[in-house]
Structures are given as C-alpha cells and as structure tokens.
C-alpha cells in the first residue's frame, strides 16, 4: 500500500506494500528492472501457514501473468470466507478518512495482509471483494502501465456475484460485518463528518484487522470523492470531481441534521432573537433620550452650531446605526427560524413581499433622526385668536425629532418575547392545540385581563407626557405669550383634550400642535371607554357573590309569600265572619276586608312573579362545574340502580337454576321410592309364602317366579301403563 492509499497487485490475493510505489514511465526503465520470481501457486485450504515472500515490484509482464492466473483460478470455498466472522473488529476504523487504512511498510503488516498468513483461510475477504469488484480497479494508460486497487474502507455490493452475496449475508447474520454507514443514526454521521480528515495511522495486526462495511453505491461514490479530493497526486484523475466534492459535505451535513439538532438550534435562535430585541430597545430609547436632551439644551443654553449640539447629534446617529444593525440581525434570526420551522432549503423562500415591505418600513422608521449640523426653514402659521399670520425660522431637527417616538413599538416586541405565555413550552403547546396565535395582541389582552388598571394608568401617563412635550416643541416658535410653549401649559391643554372637555382657554396655533391634539382626543376617547369598562367590571358581583345574593333574595321572597298567603286567609275569614256569623251585617267592615283581601291577592301574585324572575336569573348562573356535579350525581344513582337490578337478576337466575336441577332429579327420586316400595312388597310376600309352607298348605305357583307372582304384575318406572 502506498502513501496515496492504493493497493498494488503482486499475485492472486497477495497485497504488496511499498511506501513509494514506483511506476515506470518508459519502456527502457522497465527493461532495466529485473523481473521478480513468479508468485507461488495458491495453497489448499488445509495447508499450513507459509511465511510471506519478499516485496515485489509490479511489472507489465508480471501483471499479465497475474491476470491469467486470476482468470484460471477456481472459485474459493465459502468455508474460507465464513471464518472471518470470528475476527474482532476495530471500532476506530469506521471513519471515512483516507489515512485510516495506511500502515507502515513492515514485515508484520505485510505478513498480516498476505492471504496465506491466516490459519484455515487462503483468501482475505477484503481482497476477495476488491478482486471481484470492477469498480475498485482501474487500468492505467499505455504510459502508466500498472493496475492499482483503491484502498477504500467501503466495499461495493456486487449483485452479479452470488458467492459474494452468500458470504456477506452469512457474515452479516453471524455478526462478522457491521451495519453500513448509511444506516447509522444522523447524530453519529454528523460526528463522523465533523471529524478532521487527518486521522492517526492504524496498524494492522491479527487482533486488529480492518473493518469491512457494506454500503450503497451512492455512499461509496460520495465517500470516494471525499477520499480522493485532498490527494494532490491524483488531481489529474479527479479534476472533474473537485467542484462536486466541495458540495457533497454541505449537502450531506444539511440532510443529516436530525430533529434534536434542529430543536437545539431553534432554541438558540430564540435566545439570540430575544437578546437582539433587548439591545435594540436599549439603543432606541437611548437615542430618544439624547434627542430630548439635545432639543432642550439647544433651545435654552446654546445654539445648533455649537460643538455640544454636534456631539449629541453624532451620538444619536451612532446609536441609530447600531439600532439598524440590530434590526437587520433580528430579522435574520426570524428568517432562520422560518427556515427551520418549515424545513425550507433556501432562505429566499421566507423573503415574501409582505416581509420585505415590513422590514423596509421598520428600517425607515428607525432611521429617522436629527442629522448633525444646522439646517433651518421658514415656518408659517396663523395665530388662534387674532388670526394673524406668523412667520418664523425653525430648525429641521423638529421634523426629524418627533418621529423618533415611533421607536417605542420595540417595547411591545420586548414584552412579547419576555412574556411567560410566549416562552413557556406548556402554554405554547396548549395554545397550538387550541389554534391560538401568540402575538402582541394576545399578550396585551392577557395584561388587560390580569391588571387592567395598571396598564391603563401607565399608557395614559406616557401618552400625556409625550403629547405635552410634542405640543411644546411644535408651538414654541409661534407662541409669543408663552402659553402653549410652556410644558405645564401644554400638559393642561393635553389633559382637557384627552378628557374631551375642551374649555377653550388654550388652543394650538400650528398644524403640528393641532394634529397632536387630534390624536390625543382619539386616544382619550378610547382610554375613557376602557376605564368605564374596567370600572364596570370591578363593580360587578362575582359568581359567589351572586349566589349569596340570590339565596338571600329567595329567602326574603319566601317570607313575603307566606305573609301574603296568611293575609289572604285572614281576610277571607273576616269576610266570612262579618257576612255569615254576625246577626247584623256591617257593610262598611265587609267592604274594608274585601279591599284588604284583594290587596293580599295582588301582593301574593307580585311576590310570586319576583320569585319566578329570581329563579330564572339563578338558572342563568349555573356554571359548568355545578352542572357537571349534578350530572355526576345522576349518573352515580343510575349506576347504583343498575347494579342492584343486576344483583336481583343474578339471584333469580340462581333460583331458577336450583329449580331446574330439582326438577331434573325428581324422576330419579320417584323411581327410587317406587323401587323401595316394590322391595318392601316383595319382602312381605316372601314372608307370607314362608308361613304358608310351614303350615303345609299346597300352593300352585302362578308363574315361573319363585314366589309365584309375575314380575309384570307390578309396574316400575321403566314399564308402560299397559303392562300393569
């Protein structure tokens, strides 16, 4: 075996190792070399072990002789091939590295590779397979002159050779051949592919033979491409496969990623996406804070052309650039998650028009910021009460500073990614089963359900402060009386607009201030409706409180019904008393009791109507758990009754079986009774016969029976009625 990983033929089944493997380049050099002695003929199976011969140099004449001998050689017996199953397999030779089968040129390794060095076998299985595999042999051109065999650990399965199939199947089922590399798990294949190509040299020994692996042709082709790609001495043979050999590892690595790797990679992407969102929010809020500081300081302390303003604007620009990079990285993680979740091969599949538009809009919103430098424009407005036009020179930074508050949408993203409902696996699984989309809207709904007051308070205060500062910035160039340009005055204007009061003592002058007030009024109307809903929910009775209230009302109505019924009976008795029992009828008292009687009847009817309404209201309060308990009680009672019925039916069946057995035994009892009576009668007749004989009376027998009585005269259970 040479350093390039090739075996050279030196005979039938012989492998010769030469570290240099010289190849004659011309006919003169081939004639100068002396031909080696002819190879020894193959020994029979029972021949003793022979020492290995000296290393031979491959010559053209010798190669022709070897080919003729190999064609004339009979097939080897299968008993020689089956003995390889008892040889141990070294686990480290499973790698597909080209150096895994290299061995130093020593006598021990040569003797081991020689087929006659093993007891009881004349042919190595690896040599036999390589000799019968046309895909592993290559004949060089006329200038090369030599036939070499590739030393690959993977051996092709030949369907046309029945001996190879029988030997391989025998070794496979007996444990002599390991499973192919293509059938390994994806994790082991990833580990094999991840290992470097440079493996330590493995020495061949009787206790450590090379492993033979049976695999498919596709795997052999891929691994042979990987084996021959690093060898510089075979670049002229594999020039066409160099480009394809670089693509095979990537394709195999992508295909061999199992579900465990994908889940781990997906979890890592989730964590990276959350950290990127946090960093983006930090830099976005930092830019807003620096923008507010720069705007306030440039209005009161220094001008826009100072170094302090330039430094703060440069800081804002730097934070904006970092923010844009974080947003790009965030959406990159989003695309990677889409590829993993949907099993896509190309990331461009995830880049839909909607996603591209969303990313572009987000980049545009986050890219707006004050540009370093001093830029001004003339701003014309009309004053509110005097309706006179006002023209002032304003900074362009106002137009670029106010849209920076749109970066606050990052807060909703961070809330979503940090929510327990979004990060918890159990909640995500339950939501997926119920077809719930975990987005920002769902998280806000849960927050409004859990703590509605806190959410509304934080939202209202934040909107109040931001809108007041925006109105102050918009109105300070045209407010000569310092009314709306004052921060406290702007807060008063926003508050009365938010609550939809509108006193009219303060009004904005510019369209910028009017637009902010319009948005504030819309937000105020929505927040007011939410506050009313939250207050109504807080004032509403709970289910337990409603049950208690209904119980108390039912008790009071029951008492009122009893009182009304008692009043009806009382007035009925009094009417009967004054009309029937008294001698002199007092019509005034009768009419009085009749009025009270009618009032009692109407009161009884009204109380019953209230009780009916209360019962209807109570029926609507029956929740699912109570209904479930009632149904459970009913089902339990039905089960108990069915069990009792089954017990009764079982007792009846046992009694019927007892009666049936009694009726079946009745004929036997009757037969036994009749038999006993017949025996008693016969015994009585025998006694009477004995007494008559003793007296000396001559008796003529009536029949052939010894007692003179025919047996047919006495019926038995087995005789018919006609014989009696």
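A Cβ is built for glycine as well, from the same backbone N, Cα and C atoms used for every other residue.
Annotated by Swiss-Prot as transmembrane segment, the relevant range among 398-418, 419-439, 545-565 is 398-418. Within the listed segments 218-238, 239-259, 260-280, 281-301, Swiss-Prot records transmembrane segment for the stretch 281-301.
Residues 487-507 are the range that Swiss-Prot records as intramembrane segment, among 193-213, 487-507, 571-591. Looking at 170-190, 338-358, 359-379, the range tied to transmembrane segment in Swiss-Prot is 359-379. Sequence-distant contacts of the transmembrane segment (447-467), counting only residues of its own chain at least 6 positions beyond either end whose CB sits under 8 Å from a CB of the stretch, comprise 405, 491, 494-495, 498, 516-517, 519-520, 523, 527, 530-531, 534, 537. Sorting each residue of the region 'Calmodulin-binding' (554-630) by its DSSP state yields 69 helix, 0 strand, 8 coil.
Through the fold, the transmembrane segment (359-379) approaches residues 284, 287, 291, 294, 303-305, 309-310, 313-314, 316-317, 320, 323-324, 327-328, 331, 391-397, 400-401, 403-404, 406-407, 409, 477-478, 510 of its own chain, all at least 6 residues removed from its boundaries and within a Cβ separation under 8 Å. Long-range contacts of the transmembrane segment (398-418) within the same chain: residues 273-274, 277-278, 280-281, 284-285, 287-288, 291, 295, 323, 365-366, 368-371, 438-440, 443-444, 466, 470, 473-474, 512, each at least 6 residues beyond the stretch ends and with a Cβ under 8 Å from a Cβ of the stretch. Sequence-distant contacts of the transmembrane segment (281-301) (same chain, at least 6 residues past either end, Cβ-Cβ under 8 Å): 308-309, 312-313, 315-316, 319-320, 322-323, 326, 366, 369-370, 395, 397, 401, 404-405, 407-408, 410-411, 413-414, 469, 473, 476. The average pLDDT computed over the coiled coil (635-662) stands at 94.
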